[in-house]
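Structure, as structure tokens:
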Amino acid sequence: MVSNPVHGLPFLPGTSFKDSTKTAFHRSQTLSYRNGYAIVRRPTVGIGGDRLQFNQLSQAELDELASKAPVLTYGQPKQAPPADFIPAHVAFDKKVLKFDAYFQEDVPMSTEEQYRIRQVNIYYYLEDDSMSVIEPVVENSGILQGKLIKRQRLAKNDRGDHYHWKDLNRGINITIYGKTFRVVDCDQFTQVFLESQGIELNPPEKMALDPYTELRKQPLRKYVTPSDFDQLKQFLTFDKQVLRFYAIWDDTDSMYGECRTYIIHYYLMDDTVEIREVHERNDGRDPFPLLMNRQRVPKVLVENAKNFPQCVLEISDQEVLEWYTAKDFIVGKSLTILGRTFFIYDCDPFTRRYYKEKFGITDLPRIDVSKREPPPVKQELPPYNGFGLVEDSAQNCFALIPKAPKKDVIKMLVNDNKVLRYLAVLESPIPEDKDRRFVFSYFLATDMISIFEPPVRNSGIIGGKYLGRTKVVKPYSTVDNPVYYGPSDFFIGAVIEVFGHRFIILDTDEYVLKYMESNAAQYSPEALASIQNHVRKREAPAPEAESKQTEKDPGVQELEALIDTIQKQLKDHSCKDNIREAFQIYDKEASGYVDRDMFFKICESLNVPVDDSLVKELIRMCSHGEGKINYYNFVRAFSN
């Protein structure tokens, strides 16, 4: 820095001051080049930057320099060489015109908006006259954005012309692939380029805004009219006061629907509703207590909310015109809550008192909603096909896997081996059938009947089993309700019709009479009297009839005498008393006949003296054809 002495003071330390404005202390530059020639200039400033007055040009020199033309000194200037040729793709490389535009898109099937404004950027590439349309990506817009039209040359009309940068301007409409774009503005480079090419640009326009987007950007306005209703007072007054209603939801009209019971709680403190489901034990449902959580329930929605799918609707005060209140819950009234209809059939005593004090409603009777069980459907059996018994055929319809009909085990145990035998004749117009005799065996254990025809020599009719064990249906019964013959239907003179054949009962044995007398309640007095009279007549025959019978059948008298002799001779023999029951066990058809081999096996097991000469004679007289023996007369010789 320069120290300048103050005038009038000695040049001593402390009397000089530094000038802070002077910082350059080099010598002035006098040598330089001008138009390629080295020249020397006189210095104009000294050391420290002080201007030198003696090296300045005079006014005359300045005027001479101002009036003297350079041509007089340097001559005519040379013409500049022509510029080199530059191709368009090199000259306009990476030079792009940008225009701001928008297009309008229709929005069908929407209650919120009818059209949508979509803003785009149109890029024009000068190097190859191609264009592209790009829509700026907006977050959470819900539509596909980005590159709408890729870079390409775009057709302007149907004649094959393409868009050129001369066709683009602000404030015009351009149609690209059937979609009209409105150009509103461009960037600074585009404006300078078009103006340099002599194109007059239209004034810029304001970018159109999407009405729905702007609506969503606005804050939610709530115009609430001041009300004199005090919610705090309601909360404090009705705290812990709940109305309880009993309701049902009847969904039986739909497939697999049912009627389910619910409890509706209405909280008076804040007008909220809660629905609980009533579960029963083993009802097959998850024991989740709540069907609907505690909340306010809308009663009347706005018009748009009715058409809009309620499954995605967030209910607020803006979508609801009226909410459910306590006066809407009345016994005997149906309510639709969130799409489900509930019928209120009862309430608790507190709710009845509240409605009486608040609304003056006293008639709230309980409604009986219990449904009576429908009568059981009577199973209709298919027609009887004629095979087997009706019970056997019907058993195939009761289960997928057929089972045998259930039997009365007690009856079978009580009446085991109890057989009632009757002698009958066939009622037939054929003369040969009048002399045929049949033995009816009625099995009390199973109510079945078997018929056996004793074989008669030289009769021309094969005897033996006539009908196996089966139940015989009465002629006046139907297939759907069959009535079978029972013990009370068999008496002297009774007509038994067996599958179209009529038989007349002629005789019976003493066991039948004993059974009828012990079970007189099952028989009519006439039937019991007929059996008793018949047995009485049979035990006291007339002398003339006996003499005639002896003359007619001498073999019977001989058989009776032989039986009496055997009874006297074997009086003290140790044979068993149940010999008759032993033969009946092996006589499955209750015909009174057993095979010869089986006969001797039974006699051997019961210690019967078959080797005795009288017993051999009795066996010979009781023998019949086909190797069978009539054990009825044989057993008489061993009975007491």
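Cβ atoms here come from the backbone N, Cα and C positions, even for glycine.
Averaged across the domain 'DM10 1' (93-198), the predicted model reaches a pLDDT of 93. The domain 'DM10 1' annotation in Swiss-Prot covers 93-198.
Look at the domain 'DM10 2' (239-359): DSSP puts its residues at 21 helix, 50 strand, 50 coil. Per Swiss-Prot, domain 'DM10 2' is recorded for 239-359, and the stated evidence type is sequence analysis.
If you look up Swiss-Prot, you'll see 416-520 marked as domain 'DM10 3', on the strength of sequence analysis. Helix, strand and coil counts from DSSP across the domain 'DM10 3' (416-520) read 16 helix, 43 strand, 46 coil.
What Swiss-Prot records for 535-554 is region 'Disordered'.
Marked as compositional bias 'Basic and acidic residues' by Swiss-Prot: 538-554.
Under the heading domain 'EF-hand', Swiss-Prot lists 574-609.
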Pull the DSSP breakdown for the domain 'DM10 1' (93-198) and write it out as helix, strand, coil residue counts.
12 helix, 50 strand, 44 coil
